[in-house]
Amino acid sequence: MTLPTDPAQNLASLIRCRSVTPVEGGALTALEAMLRPLGARVDRPVFSEEGEADVENLYARIGKDGPHLMFAGHTDVVPPGDEDAWTHPPFAAEIAGGEMFGRGAVDMKGGIACFVAALARHLEVSGTPKGSVSFLITGDEEGPSVNGSVKLLEWAAARGERWDAALVGEPTNVETLGDMVKIGRRGSLSGRITLFGRQGHVAYPHLADNPSRGLVALLEALMEPAFDQGTADFPPTNLEITTIDVGNPSVNVIPARATAAFNVRFNDTWSVETLQAEIHNRLDRAAAENRLRPGRTEPVSFELEWRDRPSPVFLTRDDKLVATLAASIEAVTGRKPQLSTTGGTSDARFIKDYCPVIEFGLVGQTMHMVDEKVPLSDLETLTRIYQRFLENWFS
């Protein structure tokens, strides 16, 4: 029986599946076909949520005993955009100039392809691992993340699955393979502010109440002063205004309502609850100060709505896990990786509730872009790093 030891061949099989969230597109079927020859027991649970599309997921395990290492990731990808803008079709896995092109090449079908190849090589050399390896793979990472990893973890844990450590194969490297490992993630909190005024003619402002004035003052309060100066492990907390809207196409009408949305990426100075309280306090103070509203004495009238699912900040302090991966990277590439908490959120935010988790994959420079691509040499290098990591972890 031929084992899936070639990462490029594995990746081509996955890229050719049009698995744009939430469509499975054949990607999990292709992955299952790779894992079965390795002796994996495979389940494909489908999860549902009212108002969301059903999503198929995959959980596979090789081995029965501990220690138990989880590899986590996703086969779903973002849409390719204008396919005519691609040099090579986004779902063809064409190779040119020593690089494979395709949506998901680095985010993150490439990471999955390499870990499968690494495990296959490890089993060829060492036989059944002294413990267990599992794959926790979702089709809902690039979407709302409602019917994906969060439910797959609950499902597996309810069946008695327990993990000692997890590795997520997201594209963590900035410029060169081996330059960065993610050992934590900032938290993420989103909200929407709505201000209510009174519509009127711009030539008669005393007869109206322009909510845009109050909105400017409230947004200033969110932007200044800085929330903090950063910590030993995280950069400073950062708030960005993401939308501002008054729903008013006319230039001579004062709007009746104004809204703004924001997102905060926060460090370990804050919890979700303490940050929400700080934002509420800032808005309440700014509303009471009543700046930028001449002739108005009543406070600004506003509503604050928390959006989406907040993600708490986390930091993995498992010295063995981090040291084993860092040593494996250095042994293969000669580089000492930076241990970082930068970047956006990932499904590691769910996994950290079950076991220590770190992230390491390919270079992310072309992820989500037209002509997403990966050098074939990087696929081989990452496979060798993963294989060395498996050898060291189970030694």
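Backbone N, Cα and C define each Cβ position, glycine as well.
For the Zn(2+) 1 site that Swiss-Prot gives as H74, E170, the extra residue drawn from D43, D54, D107 is D107. Within 8 A of the CB centroid of the Zn(2+) 2 site residues D107, E142, H368, the other residues of that chain are V77, V78, G104, M108, M367. Here the recorded positions are D76, D107, E141, E142, E170, and the one whose Cβ sees the fewest other Cβ atoms within 10 Å is E142.
It is H368, among the binding-site residues H74, H368, whose Cβ has the fewest other Cβ atoms within 10 Å in the structure shown. Recorded residues H74 (Zn(2+) 1 binding site) and E141 (active site, proton acceptor) have their alpha carbons 6 Å apart, per Cα-Cα distance. Neighbouring residues of the recorded Zn(2+) 1 site, listed in sequence order and excluding H74, D107, E170, comprise G73, M108, G111, E141, E142, V168, G169, P171, S346, G361, M367 (Cβ within 8 Å of the Cβ centroid).
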